[in-house]
Amino acid sequence: MFIGDLDKVVNLLLSLSGRLARVENALNNLDDSASPGDRQSLLEKQRVLVQQHEDAKELKENLDRRERVVFDILASYLSDESLADYEYFVKMKSALIIEQRELEDKIHLGEEQLKCLVDSLQPERSK
């Protein structure tokens, strides 16, 4: 259960961080012609996402406490080598989830850039 919860909480934190960054970028890129309603809507989204992110960080802190409890329990059942393997697995699980998300973001960005490039070449092909 702990490993499944770790996966979910790390993905939640990554998702909320990404969404919050996009909202903050949108706020920073608003020009003077943007309606006050647009700005207010983005500010409200930002407020909600900041609160959700704080809640997710609290979940992660609780999960970290659970990790120590699980480790202490496993220490009485596993050999030192197996316990070290488990500890390494837990550390790598989070790192690999983060790396996977970064790679997915890079793939998505590359696909968007490719689409924009293809779209920009379409008018030239019809000439």
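Each Cβ is built from the backbone N, Cα and C atoms, and glycine gets one as well.
Keep in mind that TrEMBL annotations are predicted by a computer and have not been checked by a curator.
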Of 14-41, 42-69, the range TrEMBL tags as coiled coil is 42-69
The predicted model's mean pLDDT over the domain 'ASD2' (1-122) is 93
